[in-house]
Amino acid sequence: LQTAEPDEFDIMLVMPVARLQLDECDDTGAYYYVSFKRNPKEKYLLKFVDEEGKLSAFKMLQALREIIKQEVKNIKNVEVTVKRKKAGSPAITLQIKNPPAEISVDIILTLEVQQSWPPSTQEGLKIEQWLGRKVRGEFRNRSLYLVAKQNKKEKVLKGNTWRLSFSHIEKAMMNNHGSSKTCCESDGPKCCRKACLKLMKYLLEQLKMKHSKELEKFCSYHAKTAFFHSCVMWPNDTDWHSGDLDYCFQRYLGYFLSCLQKAELPHFFIPQYNLLSLVDKASSDFLSRQINYQLNNGFPIFQ
């Protein structure tokens, strides 16, 4: 099953920083104010510090946007434009027009910090049964990523918040998703984990296209998070036999439905952060009904 041609790409622009002071700015454990403990080695960052001493995501994005606008002018053989800023979106989006197709590229400003993950992540990433304790330790020793992201719940919207990002770890889990090392390698047994996630993303995409208003608060990250939780609940490669795609997909869907029903989907790395807290119950119920309809009617949306 082919989901639509890829026409949207994400690029993380990663800026290494030695040490940062992180202060939680709400109860999600995902959003932080960032400041410097002492004078940073990265002197160039000082001009992006606001009057309260916080590193301003907003100021940095503005500067980056200007640099990119200037650079884009130098591109001769392809038509590249910088799209207008979307409210609340941290990304700087490039529209690239060139036959055969038009693509858009989101550039995401990311700080890479060489320090241990904050306390809110302590109980997360429960992959011991699935990928092993050692792998969990290795993951948690990797850098911390912070993306410039507006916190919707901030009282005064200054645009100075940063959100933890674990996309580098998520990628690593997708690439080595088996409880045995050889899962899906050329000579190893095949599983249907990735196929299940693809189907789920496609299902959500199609439903969002059909009911954009009702489902605007849902995104593929909801599907991905439910997927990782499913991998933990069914940790063995035999639980995801490639021949059992139907069964595995419906089981994963069943778990996602139970999350919608309870209006609870904990962030995989920050368990106190409920990803459905910003989704109203009506939307969750609506998505539940749509998924159940698909489930009970042999997924007409895949036809």
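Note that Cβ sites are derived from N, Cα and C of the backbone, with glycine treated the same way.
Remember, TrEMBL labels are computer predictions, not curated facts.
As written in TrEMBL, here are the features:
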type	residues	note
DOMAIN	1-176	domain 'Mab-21-like nucleotidyltransferase'
DOMAIN	192-292	domain 'Mab-21-like HhH/H2TH-like'
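DSSP places the residues of the domain 'Mab-21-like HhH/H2TH-like' (192-292) in helix, strand and coil in these numbers: 69 helix, 3 strand, 29 coil.
On the 0 to 100 pLDDT scale, the domain 'Mab-21-like HhH/H2TH-like' (192-292) averages 95 in the predicted structure.
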